[in-house]
């Protein structure tokens, strides 16, 4: 971690906890800032706040009192999900207090160069592809950001031998100042999150912040299937590397079923481990990053051919209306589900659990399911899983099978949430094996997407 002094003895308000807020508060304290955390959840129901208080960090819970801002804070670090019309944020801006998100902190302390990936669709898949390709090519890509690993936490442990591969939302990119990736990727730009940003133009502007500090030594990878991307390409200091599935470009492109980079054939589209035209675009963006990073053609082909091939093991399935679906049907025991949940912010997770009743109780799972947004419970073991859920106060709903559970979970989800199938039970009460169970989840997600 870089040793920085600019935050020493500065009064900083962290607004909103969850994993990113908790990580930011700890990092700020480590950097010598005078930290106050403000979270809407009551202290008694807020293990994160309790933990921070034990570490000597001031916490104010149960609401967002505007008078808190009378304490002459010099910086606010807010949870990206909190809108800018929130009274606390609006008041901070009125008082000319800078408002950051935790990715700015991550940049300040990271010794590793950053590859930042944003866009409307395909962010998570592309981010994961890039990290996998770098690692297979011997380059050490470390996942962080909106993919479930707080950037400000991960950034503390990387070195200049690593590369931070960071998924970035428009919400996060609104709160940056000096953030400077060496390579940026914008997968595509579609009208989403207009309720948050107010207009498509403001949404695009937030995404475009990713390149604000980039120079001619840096690279931005843009989807030239879109005229908007071609227009934006004229408005950056970074070197533009385009990708396209509809035309030959000076970058990565699809031609006669082949995936090329600057005239060189790397592989064929039908060799990709994941189907769909959107995944061809994701693969082309990944190829561009990999070639700029010095990864061999063989490593690129091997990674992209096998990507997505290991199904049912915390497999990212798709995103619908900004709700991410993960298939972890292989989680047939409590430990596996504990590992799956450890990578997510519980307040955003709707967990689908239950299956074969082996007579065991689920008390071991209580710390891990505490704070979940909701659970959808099914199978023979449902009464036992519910007993554990009752001890946490988590709301749960019943489902007759995985398809029903997936539909119910999606109905309960909001933008930014995760629907996670991680049953903590074997499948044999309803399904031949965990593969069949996972396939039903995948098929249902496909039907929901239409």
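Just so you know, glycine gets a Cβ as well, placed from its N, Cα and C.
Taken from Swiss-Prot, the feature ATP binding site covers 119, 120, 121, 122, 123, 124, 125, and the record attributes it to sequence analysis.
Highlighted in sequence order, 117, 126, 187, 188, 282, 319 have their Cβ within 8 Å of the centre of the Cβ atoms of 119, 120, 121, 122, 123, 124, 125, the residues recorded for ATP, and are not part of that set. Cβ neighbour counts within 10 Å, taken over all protein chains shown, single out 125 as the most crowded of the binding-site residues 120, 121, 124, 125.
When secondary structure is read from DSSP and collapsed to three states, residue 125 (ATP binding site) falls in the helix class. Secondary structure from DSSP puts residue 120 (ATP binding site) in coil.
A simple Cβ count within 10 Å picks out one of the binding-site residues 119, 122 as the most packed, and that one is 119. Within 10 Å of the C-beta of residue 123 (ATP binding site) we count 24 further C-beta atoms, all protein chains included.
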